[in-house]
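What TrEMBL says about this one:
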{"type": "TRANSMEM", "residues": "20-43", "note": "transmembrane segment"}
{"type": "DISULFID", "residues": "C84-C105", "note": "disulfide bond"}
{"type": "TRANSMEM", "residues": "138-163", "note": "transmembrane segment"}
Amino acid sequence: MAIGFVGCIGALKENKCLLLTFFVLLLLVLLLEATITVFFFAYTDKIDSYAQEDLKKGLHLYGTPGNVGLTNAWSIIQTDFRCCGVSNYTDWFEVYNTTRVPDSCCLEFSDRCGLHAPGTWWKAPCYETVKAWLQENLLAVGVFGLCTALVQILGLTFAMTMYCQVVKADTYCT
């Protein structure tokens, strides 16, 4: 938002400094996004293991005060994707120190259903289920990324074109 503001004010006032600042900042953002994308694809395996470890650590925050967003996110994921835990439902045993899971893991939701037998819980691992869903929708994610890059490249082009026009106008006026 701040970068867009700099570009907008630079265009309105035809200020060379702001236009150039906008161009440089937008270029840095684009290069940073490209670098992150390359690293993401280069280190997918390591990212997978780190993500699973972090998600398992995050399970311990489920239902604790101040973590309503995390609690709701896990409940929604487990309910919508029909899964339980990161690797499987036994991940929750470490959290509760007993054989139980959150109610969002239950095949048929009811109050305290997570205290019943494992036969009443989802068996699918959430990490693999969500990962498979993301891979199925990879085309949409890719199209979104390319559209975002196109808008940024257009912004770079327009900013540099306007900068050159302002510089050219300054040389003719003096």
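Glycine too: its Cβ is placed from the backbone N, Cα and C atoms.
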Surrounding CB atoms that lie within 10 Å of the CB of C105 (disulfide bond), all protein chains: 26
Sequence-ordered list of residues in the chain of C84 (disulfide bond) that lie 6 or more positions away and have a Cβ within less than 8 Å of its Cβ, or none, is Q78, W92, V101, C105, W121, W122, K123, A124, P125, C126
